[in-house]
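This report refers to the structure that appears directly beneath it.
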Amino acid sequence: MSSTAARLSHLQRLEAESIHIIREVVAEFRKPVMLYSIGKDSSVMLHLARKAFAPGPLPFPLMHIDTTWKFHEMIAFRDATARDLGLELLVHTNPDGLRDGVNPITHGSSVHTDVMKTQALKQALTKHGFDAAFGGARRDEEASRAKERVFSFRTATHQWDPRNQRPELWSIYNGRITTGESIRAFPLSNWTELDVWQYILQEDIPVVPLYFAKPRPVIRFNGMWVMVDDDRLPIPEGTQPEMKRVRFRTLGCYPLTGAVESSATTVAEVVAEMLNSRTSERAGRAIDHDQAGSMELKKRDGYF
Amino acid sequence: MADDGRLFDAAATEAVLSGRRGQRDLLRFLTCGSVDDGKSTLIGRILYDSNLIFEDQLKTLERDSKARGNAGGALDLSLLVDGLQAEREQGITIDVAWRYFTTDRRKFIVADTPGHEQYTRNMATGASNAELAVLLVDARQGVLVQTRRHATIARLMGLRHVVLAINKMDLVAYDRDVFDAIRADFGAFAAAIGLPEPVCIPVSALMGDNVVNPSAATPWYDGPALLPYLETVEVAPESPDAAFRFPVQWVNRPNLDFRGYCGTVASGTVRPGDRVVIEPSGRETTVARIVDFNGDRAQAAAGESVTLTLADAVDVARGDLIVPAGDRPQVADQMAAHLIWMAEEPLLPERGYLMKIGHTTVPVQVTEIKHRLDVNTQNKLAAKRLELNEVAFCNLSLGRPVPFDPYEDNRATGGFILIDRTTNHTVGCGMIAFGLRRAGNIHWQALEVDKAARAHQKHQKPGVLWFTGLSGAGKSTVANLVEKRLMALGHHSYLLDGDNVRHGLNRDLGFTPEDRVENIRRVAEVSRLFVDAGLIVLVSFISPYRAERRLAREKVADGEFLEVFVDAPLAVCEDRDPKGLYRKARAGEIKNFTGIDSAYEPPEAPELHLRTDQASPDDLAEEVIQALRARGLLRG
C-alpha cells in the first residue's frame, strides 16, 4: 500500500493544511467561533470550514464585528451568505463606541479601529465565552505577521504576549490552555494573496462584488481613492465625486479603504491583474500606515 | 519573467488561469546560517533578481538602504528580509519567520530561523515542516562548527535534501580550489553522520552570482544556479515507502445515519474496501467510504484531509490510528527517542510531562538520558538533565501504550512534542528511534488477592494523605497526631517521613532539583504499593514542586489521594526553626533550601488547607480525621 501518487499541488496542500488546523481547533477547544470579516480571506476560510465538516454542518457560529462603516454591499453579502448556507451568524458592535459616535472620519483610523474593532472584538469574545477564534490573517500580509504562530495564545484579558508563544512543530498543535485563556487560530497562515484568488477561481467561491471593477463614485480622501458609499463621507466644497472604473484589493471600513483603477470584472481577470501587479496588497489600507510598527502594536492589544 | 517587465508573461498567466488552474508544485525549504553568512542577503537577492519585489517595498528598501544599509548607500538586499533585529532587541520570541514567493514553476515557503543562542530550537521548528535545507557557508571560513551543527540538526529532523550554498565567492576571487575543498570537507562530514549527499553551489549573494542567474565568473561550475535548482529539484513525497497511516482527528456525527472519522492521511494511500485495523485496540474492519465535500472518492493519498467511514460499528476515538491490517505499526509504552529541549526550565528525568503524538496526548516520563549529543562536536556526553537547546537520546515511559512508527520510516507517526503540565508550554520535541518492548508482550500479573480484598480485610478504604509544606510548617507534627488517632480507631496506616526516608531508601539523593524529583518519585511509588496493600499512607514531605505532587496523585486511583497543604508563613516557620536548618541556610551552610534559595510551589487546589499559625495541631489533626470520615475511608 505504498504511495505512488504524484505530489499534491500547492493548492491541494494548502487546503489540506487549513482543514487540518480547523478540525484540530474544534477537537481541542470547548467553544470556538469563526471571525467573519466578509472579505475574500473570510470567504475562503468559510469554504474550507464547510469542507472540513462535510457532510455535517459547521460546529461553530460565525461572528462579525460590525463597525457600522463597512460597505453596504458587504453587509448585504454577509446576510445573504448566512441565509443561503444556513449558518449561525453573530453580529457585535461596540455599544460604547456607538454611543460616543466614534467614526473613522473625525477620530481617525487609529482610534476608530481600536474602539470599533479591537475593543469590540474583546467585548464579544468575553461576552460569549469563546476560547478559540478563527481569523483569516495570512503571514504574507505584513512583516509583523511573518513570525506569527498558527495557534496564537492570548491571556484572560486577550493580550498577546510575544514572549509567551509556543514553537509549532510538524502539524502537531499544542492547544492546552487554562481557564480564561484563549487562542486565535489562523488556518490561512501559509496562503498568499495569489493563492487565495486562485483558490476562489478553482472552487468558484462567491465573493463581494466590490472586488470586481465597475464605475463607482470616488473622491480623493487621505491620499486614496475612496468610494462614496453613503452621505457620511464629507465631500469638500466645490468638489464632486468622480465616476471611476475601480475595484478593491482588500475590504474594510469604506473611508479607510483605497480603490484601485482596474478593468478586471471576473475572478480570472483579477488573478491575471494580480500576477502582474507591482504594489503590495496592504498599500491600499490606511490602518497600517498611521504609525510605525503599527500592526505590531495593534496585535499586542488584541487586534488580529 | 517576461521581457516587457511583467512578472508573468502571457503564457504563464494563461497556465495559471486555464487548464492547469493553479496546479503548481509547492516546495517548503529552510535556510540555515547566521547573519554573517549572508543569509538575509541571499533571500533578498532571490526576491530581487526574480522581480518579486513590489514597488512600494522597493521604495522602502531604497530609503532604508540609505538610512541604515550596509552597502554604502547602494541597495542592501538583506533589509528586505531583516526587520527581525529590532524585535529580538525587544525580547520577542521569534522561532521562525516565514517568507513566501512564487515563480512560474513553483510556490515556495521559506522558513527563516534566526537567533544564535536559540538556534537549535528554532532550526528544529523550521525543519519539522521543510523538505529541503539550504545551508550557507562563508567561502573564506569553510566548514565551521556551526555548519556541522546545522547539518546535525538537519539529519536529526530527517531532511532528505540538502544544498550547501558556498557564499561570498567574490571574496575568494571565485577560486575553484576553495570551492572544491569546502565541498570535499562537508561531503565527508555529511556522509559520516548519514546526511543525504549535499548539492554544492558556489554563490555570491551580494553580487548575484549563481543565485537566480548563472555566473560568468565561475566558468568551471556547470551545475544549476540556486533558484533554478530549487525550482526543478525532484522532491519525493514524504515517506514514499511508508504504509497507510490515518490518525483520527475528529469524529463527525452530524446525524444518526453518518459516523465519519476525520483526519489527514499521514502516509500511504487508502481505498474503499481496504482491510484496516484500529490501533491501539487492534480491532479489524473495512473502509466503507472516503467522503469529502463533493461526495465519495475512490482514493485518498498522503497529505489529504478526508473523512473515512467504516463497515463495522467498531469503537474509534480521536487519537486512534487507522492502519492496513497487513502492515501495522508498533504499539508500546516504552521507547527510545531523540529529544530536543526547547524550554528555559531544564528537563528533569522522572518529572512528568505530556507527550502529544498525532492526536493523542499521553503522560510521559524520561526514565533515562542515555547520552547527550554535543551538536557541535558530535560527542556523546553523560547528562542528568537537559538544558535549553540540548539534544539527547533518551528512554521514555508513557502512561499508556500508543501506536507509532520510527521517525526514520515515517515523520508523521514518529515525531512528538512534549508539554509542561503546569505552564502548558511546548517544552521539547522528539523523534522516536524504536520501541523498547512491545507492551503487548508484557501482561500485568492478574493477582487473585487484590487491593480491594486486602482493604476489606482491614475494614477500611486505602488512600494517601500527602502532607506538603515548608520545613517547620508542622507537617510531621500533624501527621503524627493523625496516625495516632487512626491507630486508636483500629485502622492500619503507615507514615513515610521525609527525613526518615532520606536515611534509608533515598540516602543516595541530595537536594538538587533532579534529586528532589527522584526523591518524590520513589516515595510516590512506595505509597502506591502501600495503598495496594490496603493501607492508609501518610506522607510527610516538603515536596516543593506541583508537578511531582501531581505525579504522586496519578499513581493511585481517583479519590484515593488527599493533598494536605500544611501552611504557615515563611517568617513563622523560620522563627520556629525546630531543627536549626533555616539558621544554617541563611548562613549559607545549606544550599538549595526550600523557601530560602529554592522555590516552593504551593498547591492550587488541595483537598485540605491547614493553617498551623492559626489553629492547634490537635484541632488540625481532628480536621483531617473528619475529612477522611467524610470521604468514607474510615469505618462508621
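Positions of Cβ are set from backbone N, Cα and C atoms, glycine also.
Curation does not apply to TrEMBL; its annotations are automatic.
TrEMBL annotations:
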type	residues	note
ACT_SITE	B:SER543	active site, phosphoserine intermediate
BINDING	B:33-40, B:112-116, B:167-170	GTP binding site
BINDING	B:GLY469, B:LEU470, B:SER471, B:GLY472, B:ALA473, B:GLY474, B:LYS475, B:SER476	ATP binding site
DOMAIN	B:24-241	domain 'Tr-type G'
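Projection of TrEMBL feature records onto the structure.
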residue: B:GLY33; record: GTP binding site; CB count, 10 Å: 22
residue: B:ASP36; record: GTP binding site; CB count, 10 Å: 11
residue: B:MET169; record: GTP binding site; CB count, 10 Å: 28
residue: B:GLY469; record: ATP binding site; CB count, 10 Å: 28
residue: B:LEU470; record: ATP binding site; CB count, 10 Å: 25
residue: B:GLY472; record: ATP binding site; CB count, 10 Å: 24
residue: B:GLY474; record: ATP binding site; CB count, 10 Å: 25
residue: B:LYS475; record: ATP binding site; CB count, 10 Å: 27
residue: B:SER476; record: ATP binding site; CB count, 10 Å: 20
residue: B:SER543; record: active site, phosphoserine intermediate; CB count, 10 Å: 26
Nearest of the binding-site residues (B:GLY33, B:ASP36, B:LYS39, B:THR113, B:MET169) to B:LEU470 (ATP binding site) - Cα to Cα: B:THR113
Candidates B:GLY469, B:SER471, B:GLY472, B:SER476, B:SER543 (recorded positions) - the one closest to B:LYS39 (GTP binding site) by CA: B:SER543
Mean of the pLDDT scores, which run from 0 to 100, over the domain 'Tr-type G' (B:24-241): 86
Residues flanking the ATP site, with Cβ no more than 8 Å from the Cβ centroid of B:GLY469, B:LEU470, B:SER471, B:GLY472, B:ALA473, B:GLY474, B:LYS475, B:SER476 and excluding those residues themselves: B:ILE542, B:VAL566, B:ALA568, B:CYS573, B:THR612
Separation of alpha carbons, B:SER476 (ATP binding site) and the residue listed as 'active site, phosphoserine intermediate' (Å): 13
Packing count at B:SER471 (ATP binding site) (other Cβ atoms within 10 Å of its Cβ): 23
Spatially closest candidate among B:ASP36, B:THR113, B:MET169, the listed binding-site residues, to B:LYS475 (ATP binding site) (Cα to Cα): B:THR113
Whole-number Å value for how far B:THR113 (GTP binding site) lies from B:GLY474 (ATP binding site) (Cα to Cα): 52
Neighbouring C-beta atoms (10 Å sphere around the C-beta of B:ALA473 (ATP binding site)): 27
Nearest recorded site to B:SER476 (ATP binding site) by CA-CA distance, among binding-site residues B:GLY33, B:THR113, B:MET169: B:THR113
Cβ atoms near B:THR113 (GTP binding site) (within 10 Å, other residues, all chains): 26
Pairwise CA distance, B:GLY33 (GTP binding site) versus B:SER471 (ATP binding site), rounded so that it is a whole Å: 50
Residue from B:ASP36, B:THR113, B:MET169 whose C-alpha is spatially nearest that of B:SER471 (ATP binding site), among the binding-site residues: B:THR113
